[in-house]
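This report refers to the structure that appears directly beneath it.
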Amino acid sequence: MEFPEKRQRSDSLEDQPSDENTALLNSRGSSRYNHANEDLPKKNSFFVENLEYTPEEEKQVLRIIDRRLMPCILLTTFVLNMDRTNNSNAISDNLPFDLGFDIDVVNIATAMHSVFFAIACLTGSIIAKIVGPHKWIPTLMFSWGLVTLAHVLITDKSGYLTVIAFTEGGVIPTTLVYLGGFYKSTELATRLAWFWGVQHVASAVSGLMASGLLKLRGLAGLEGWKWLFLVDGIITVVVALGTWFYLPRDLTRTKGGLRGRSSWLTYRQTQIAITRVIRDDISKKSYEKTVQWSDIKDTLTDVGILGHLVITMIGQTPNTPMHTYLPTVIKSFNFNVSVANALTAPPYLLQGISMVLVIQHSDKVRERGYHGAFGAGWQLAGWIFLRSLPDSAGRGIKYLAAVIVASWPSTHPLNIAWMSENTGSIGKRTVASGLVIGASNIYGVWGSQIYRADDAPYFKRGNLINIGFAGTAFLLWFIQKGLYQYRNARNAAKLRALSEADLAREEELRVSKGNTSPLFKFTT
């Protein structure tokens, strides 16, 4: 069988008469690149509507993207979460005492961080569409690396309340927008599971690093926790510089810089890579389109998206006290500070593994709601177990309870992937990505107040509150699934009532109407 693209003079991008930054065949069929059209969606030049390829060819393309792109993405999120986790490690090293305050001030700082982080999330993905995610990600990384280093200069409460949120906040929504241009919806959830799974590995590594670095207390006149911020900051700045020269703008521009002198994909592979993504979601034909005001309005009035935001804020709330005080809680089981930080590694690693396994199975069977309820149910059971233990329980059983709570298969990447595949348009998806990451941090405003100084060290009142949030989240997953099932049934009824002419009209409007079209099929 002869493929359309075989009429090209070469199968390699770099062998074409123009460089990799030019689109060889624009949507009108012209072979001449027009520099005045920089804002056009150049990816469409490689979209071939009737392109045929084998499953093995598609798998090979996917393997190349996974091998060349994902390690760098995973490294960025590894560094991000390592920096975010070091605050809890620092608290276990008596940071509040060194600076002259108690954990209630830590809670205020956590709340402030959550607010500013959420604000940055709302704008991060939108700015990324303007400047390009491949440049915005390393720019933000470099900025938060400098702020992490600045923590070494903290000497009092005012310095501590200087937060890192504005530089960190935009990274995750930017990354979500970025990955959408490389992967199909049936592949994104698993890649997001890797993304958040590596964050848990980073938390584990941060705990192990802290167990060693905190022992440097007194060296060069610095507290142990300042050494922790210093080392993490240096690592972040170095990685940011490397990322700037490595991340490609898109699938058509993958050579140069640290990426190498050759493109990642041949010309045919580039066509396959882009065509398969657009076939999966036709709205990605205009993936480089910037956000319009109508996209923001449509996003804020979409009941499905609002449901995902509520699931995020409720279901993730218990994470704030757990992640902020996990080393401190373990330390209260009569472990020293070094051992307590090292013992945070197993639950974080287990959570990464359990999360990836659950989400991979969700991708395999194409089901979301029940898998999310399973994760929320695990968390609920863990909090009940921890809350039910008597004060006299041995430290081994207390640690086991903490491990069960902290190792629950986080539903956050599953929730994001579910929301993303049900948005129906690039503009709404971009806005929703910022909103959901903002929602996944704004809960820190109230979550930071769950563990209070007068409830220490066992936090019985706080754990009872956590049970309430986890139980509510468990129910919300079933409600969200029921909502999408209802919307699918309603769309099916609408289609049955359409005439042939009306159906043809709906086909024409399918892309512009997105998930409001009766032709849209929601994933449940």
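Here the Cβ of each residue, glycine as well, is placed from N, Cα and C on the backbone.
Since the structure is predicted, the reported quantities are computational estimates derived from the model, not experimental observations.
Residues or ranges marked as compositional bias 'Basic and acidic residues' by TrEMBL: 1-12.
Residues annotated as region 'Disordered' in TrEMBL: 1-37.
Marked as compositional bias 'Polar residues' by TrEMBL: 19-34.
Look at TrEMBL and you will find 105-124 (among others) tagged as transmembrane segment.
According to TrEMBL, the transmembrane segment annotation covers 136-154 (among others). With a threshold of 8 Å between CB atoms, the same-chain residues lying at least 6 positions outside the transmembrane segment (136-154) that come near it are 76, 79-80, 83, 86, 99, 124, 127-128, 160, 162, 164, 167-168, 170-171, 174-175, 178, 222, 226, 229-230, 232-237, 239-241, 243-244, 247.
According to TrEMBL, the feature transmembrane segment maps to 160-180 (among others).
Cβ atoms under 8 Å from those of the transmembrane segment (192-213) belong to residues 70, 73-74, 77-82, 85-86, 89-90, 92-93, 175-176, 179, 224, 227-228, 231-232, 323, 327, 338-339, 341-346, 348-349, 351-353, 355-356, 359-360, 410, 412-414, 416-417 of the same chain, restricted to positions at least 6 beyond its ends. The transmembrane segment annotation in TrEMBL covers 192-213 (among others).
Annotation comment: TrEMBL describes 225-247 (among others) as transmembrane segment.
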Exercise. Give residue numbers and ranges for long-range contacts of the transmembrane segment (225-247): same chain, 6 or more residues beyond its ends, CB-CB under 8 A.
Key: 69, 72, 75-76, 79, 82-83, 86, 89-90, 93, 95, 98, 133-135, 137-139, 141-142, 144-152, 154, 178, 206, 209-210, 213-214, 216-217, 219, 257-259
